């Protein structure tokens with residue numbers, strides 16, 4: 001009898017697993033909220049993988065700029081991918097562009113989408129307001145995902161009534177080139193939702209890694225403290241110097257140039273920490289650090305960085321403004 005019972009349980013379990021697997025959402029239609037660098041990149045790779053995509057932002061001007069950027073990026077991809085067949089490259093570009101439409105009204109397009117990926121400003125209140133509104137218009141099966149790099153997914157998901165269909169999808173910049181995607185599962189995220197997002201990520205040609213809803217997930221939790229330790233090495237023993245272009249006079253352990261060179265030649269990193277900070281944007285890094293400090297003010301890794309705060313206050317945010325820790329022409 002025990003054997004029969006075990007066999008029955010195994011049979012039921014197997015049937016349940018098969019049923020759950022069959023119910024996974026196959027993502028075909030994607031809505032991307034935010035036409036900036038990350039949102040446009042996500043829209044591009046989704047369109048290139050054969051998905052129907054709607055890219056949403058506040059104005060037609062922003063969307064026109066996004067679409068132009070996507071086309072330029074696609075042509076670079078096509079030139080490399082179809083080097084020996086330019087015609088096929090042109091067809092790839094046109095087919096991908098035709099699969100991406102735009103809209104300034106998110107509520108009107110989410111009713112027929114399988115997945116909403118948000119890539120807007122890193123502000124919890126703004127994200128919560130967006131998802132709370134879209135939750136009323138999206139189909140019951142629709143999965144919501146945030147591309148946030150620093151905010152906790154649970155805090156965003158709680159703005160909706162679909163916590164089980166909410167997760168994090170953290171892409172990396174530039175999206176068309178970077179293979180990694182962090183798939184963040186909150187305590188409420190269903191296995192069905194998680195597996196659907198893993199499948200979607202792989203369909204884009206990306207490599208998904210899983211992480212719980214912990215601050216910074218995997219990459220930023222390791223990367224940002226490393227970057228901040230590099231700045232502390234540069235700042236250590238430094239003092240304010242109004243005559244210096246950066247406002248700081250090195251009297252400490254190493255120059256930023258030598259730190260960058262050391263990490264590139266000694267650790268094999270493609271960029272040094274100061275080069276990477278300027279590339280990412282000093283305001284973005286400061287936002288992450290401020291959030292972590294507010295969360296755990298006693299953690300020595302999360303302490304404020306004087307030179308970073310000063311540069312951001314002066315709107316010297318890195319490459320995008322022409323100056324950060326380095327100056328750019």
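Glycine residues also receive a Cβ, built from the backbone N, Cα and C atoms like all the rest.
Where the annotation comes from TrEMBL, it is an automatic prediction and has not been curated.
A 10 Å cutoff on Cβ-Cβ distances gives residue 34 (NAD(+) binding site) a total of 24 other Cβ atoms nearby, all chains included. The NAD(+) binding site annotation in TrEMBL covers 34, 35, 36, 37, 38, 39, 57, 122, 127, 149, 173, 320.
Counting only residues at least six positions away in the same chain, the Cβ atoms of 40, 41, 44, 174, 176 sit under 8 Å from the Cβ of residue 73 (CoA binding site). Residues or ranges marked as CoA binding site by TrEMBL: 73, 80, 149.
Annotation source TrEMBL lists domain '3-hydroxyacyl-CoA dehydrogenase NAD binding' at 29-214.
The domain '3-hydroxyacyl-CoA dehydrogenase C-terminal' annotation in TrEMBL covers 251-328.
The site 'Important for catalytic activity' annotation in TrEMBL covers 170. Just so you know, the Cβ of residue 170 (site 'Important for catalytic activity') picks up 24 other Cβ atoms within 10 Å once every protein chain is counted.
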Integer Å distance between the CA atoms belonging to residue 36 (NAD(+) binding site) and residue 170 (site 'Important for catalytic activity'): 15
Among 80, 127, which are binding-site residues, the residue with the most C-beta atoms within 10 angstroms of its C-beta: 127
Packing count at residue 38 (NAD(+) binding site) (other Cβ atoms within 10 Å of its Cβ): 21
Inter-residue Cα distance where the pair is residue 149 (CoA binding site) and residue 173 (NAD(+) binding site), in Å: 11
